[in-house]
Amino acid sequence: MNLHEYQSKQLFADYGLPVSTGFACDTPEEVAAKAKEIGGDKWVVKAQVHAGGRGKAGGVKLVDTPEDAAAFAKKWLGKQLVTFQTDEHGQPVSKILVETCTDIAKELYLSAVLDRASRRVVFMASTEGGVDIETVAEETPEKILKAEIDPLVGAQPYQAREIAFKLGLEGKQVNQFAKIFVGLAKLFVDKDLALIEVNPLVITDTGDLHCLDAKINVDGSALYRHPDIKALDDPSQEDERERRAAEWDLNYVALEGNIGCMVNGAGLAMGTMDLVKLKGGAPANFLDVGGGATKERVTEAFKIILSDDQVKGVLVNIFGGIVRCDLIAEGIIGAVEEVGVTVPVVVRLEGNNAELGSQKLAESGMNIIAAQSFDDAAEQVVKAVGGAA
């Protein structure tokens, strides 16, 4: 689960990390009022969406008056912000963050991620702040410094000092960096995070370190332990179909093709998409209904898949282990009937009672094509939709 910048900065502040004074506002009038409350003669206003690249898209601006801040808010509130990280529709802007302007002498990069290879939290830092870290990793990987955190002892100040010296920090900056480093590590573990990113971590004109931006991703599997964090979720920033799927414990990811895929098992789902692509088709989604492929879940899965106007056909690929294929077939028939599916549906059943399941599909009298094999299923659905999207 992603957090907005203003939410991430509040968590930073709770852990004693240096962030700008700011307020998340809902109206242009509130933006102007909060700018006056903050004081000063310059402010930064930022559209709040779960996407990077806001600055280049016009979603971040330096303003000189509260009236200019209000005008920025009026321009963006209720609108869609399109960046290189969003789709063509962008993401809705419902809040504007107005905060103090910080004078920047130098930009650095600092982040922490859960590295599955080492099974530890790994910090990454670089002198190349304010830019896309993926670009830095690809073009100049030697500029990225790393430190693994031992889960038994936690982040140690000596690790922070070692990175600080390599970043060229000196004097009070070394201790400030150590405080930020240890604070972020504690926040990461305390809140079960998957990612923290400070880009940029800046050196101000007075020589102090300051977290100018903040990005946090929370491990969704741990949200039950953090109701306070779960309450920060903003459903408007999520794909509507993915949100509905999550409510039914369905794993759904929208793609750009025209063949809807419904499969039980993540590995089989990925293999299904690969084979569809190999046969000249284009998957419209990844959808894993899991082991409990009940009629209700299958029905909801059909609704989610068919809510995509690009879908011209559906491939259902089920391997029956504990779950009987004949019961799954009944669920598919009931779902197709209830949803009123009008596009071709190709079903491949394999495993427990597969023959009986295929027989029920054939006798249903509905527009359901029972495939003879995995390969046949992919060929049939690609043929049914007329080839690639």
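The backbone N, Cα and C atoms fix where each Cβ goes, and this holds for glycine too.
Note that this is a predicted model, so its numbers are computed, not measured.
Positions annotated as domain 'ATP-grasp' by Swiss-Prot: 9-244. Confidence in the domain 'ATP-grasp' (9-244), given as mean pLDDT, stands at 94.
If you look up Swiss-Prot, you'll see K46, G53, R54, G55, E99, T102, E107 marked as ATP binding site, on the strength of sequence analysis. Sequence-distant neighbours of G53 (ATP binding site) (same chain, 6+ residues apart, CB-CB distance under 8 A): T83, F84, Q85.
A sphere of 10 angstroms centred on the C-beta of N199 (Mg(2+) binding site) encloses 23 other C-beta atoms. When secondary structure is read from DSSP and collapsed to three states, N199 (Mg(2+) binding site) falls in the strand class. Swiss-Prot lists N199, D213 with the feature Mg(2+) binding site.
The DSSP secondary structure for G321 (substrate binding site) is coil. Other Cβ atoms within 10 Å of the Cβ of G321 (substrate binding site), summed over all protein chains shown, number 13. Swiss-Prot lists N264, G321, I322, V323 with the feature substrate binding site.
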| What's the most sparsely packed of the binding-site residues I322, V323, counting other C-beta atoms within 10 A? | I322
| message | Which one is it: of the binding-site residues E99, E107, D213, which Cβ has the fewest other Cβ atoms within 10 Å in this structure? | response | E107
| field | Inter-residue C-alpha distance, I322 (substrate binding site) and E99 (ATP binding site) (nearest angstrom) | value | 56
| note | Whole-Å Cα distance, N199 (Mg(2+) binding site) to E107 (ATP binding site), is 8
| field | Densest Cβ neighbourhood among T102, N264 (binding-site residues), 10 Å radius | value | N264
| message | What's the number of neighbouring CB atoms sitting within 10 A of the CB on K46 (ATP binding site)? | response | 24
